[in-house]
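A short worksheet on the structure shown next.
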Amino acid sequence: MNSNNKKQSLTILSWNVNGFILKKSNILNYLKLLRADVVFLQETHVGPSANCPAGSIQIQGLYPDYDWAVFTTFKNTCRGVAVLFREGLGCEGLRVVGDDKGRYLIISCKIQEKEFEFVNVYNPTDELIDFNQFRDDLLSPSEATYFVIGGDFNTVMDAEFDRTSNIRNRGHRVRFTGLMSFLETFNLVDIWRWLYPEEKSFTYFDVKGKSRLDYFFLRCKNLTSLQLHRGILTIPITPTVFTIAVPSPYLI
């Protein structure tokens, strides 16, 4: 990428699409409106094929908007995650680790000579991620790496502010404990709660109530100049700006 054409910001968003293949056209059209540079998708429901057995990783282009689209392959009825990189982003040196059960993708790369490690998570309720094993799969992010983890974690971080229902969830404690241990290991912070310690905002809705199950986490050192404007988080990374779209309950 020519230095004169370098982007001044990087926009990342997360979206549980509850099925990608049948909604592909609508999803890509909506993403085109949002103009996201890096997209985390959960519950893609991408199943095996003759060339891509269950547990494999599919890497393809979704032209004209995305040069790289990395999918886990699991079942066409559940789970699955994907990470999309926008056309012209100048993403180089992709290294990919994928969960063979369709629960996470870990991608290390360089964008405009900066090192990133993107981690997209879908933590299902029926077969939880073992975060000890998850740590082992990480690609050893250095202190210079921008380490971005996001997705649908199927748990609330704060029972008082992140849900409206008082119904006890038997699996919550296990999911919460594993996640908190992981966050402490890498000194990661829930961006939304760091900005709004007492505000209620939700990403999941059902007959039982509302919950905030979707998150982005960043290292503490990347939060010093964090700003939010109309749902977009902006983090200065000299000389570029790093922005993250807060997860929202978009429906198709």
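Note that Cβ sites are derived from N, Cα and C of the backbone, with glycine treated the same way.
Any TrEMBL annotation is an automated prediction that lacks curation.
For Asn16, Glu43, Asp152, Asn154, the entry in TrEMBL reads Mg(2+) binding site. Under the heading domain 'Endonuclease/exonuclease/phosphatase', TrEMBL lists 13-219. The site 'Transition state stabilizer' feature in TrEMBL is assigned to Asn154. The site 'Important for catalytic activity' annotation in TrEMBL covers Asp214.
Of all the recorded positions given, namely Glu43, Asp152, Asp214, the one with the smallest number of surrounding CB atoms inside 10 A is Glu43.
For the domain 'Endonuclease/exonuclease/phosphatase' (13-219), the model gives a mean pLDDT of 88. If you compare Cα positions, Asp214 (site 'Important for catalytic activity') sits closest to Asp152 out of the binding-site residues Asn16, Glu43, Asp152, Asn154.
The residues near the Mg(2+) site, meaning same-chain residues not in Asn16, Glu43, Asp152, Asn154 whose C-beta sits within 8 angstroms of the mean position of the site's C-beta atoms, are Asn18, Gln42, Tyr122, Asn123, Pro124, Gly151, Leu213, Asp214, in sequence order. Neighbour density for Asn154 (Mg(2+) binding site): within 10 A of its CB lie 23 other CB atoms from the protein chains shown. For Asn16 (Mg(2+) binding site), the number of other Cβ atoms no farther than 10 Å from its own Cβ, over all displayed protein chains, is 22.
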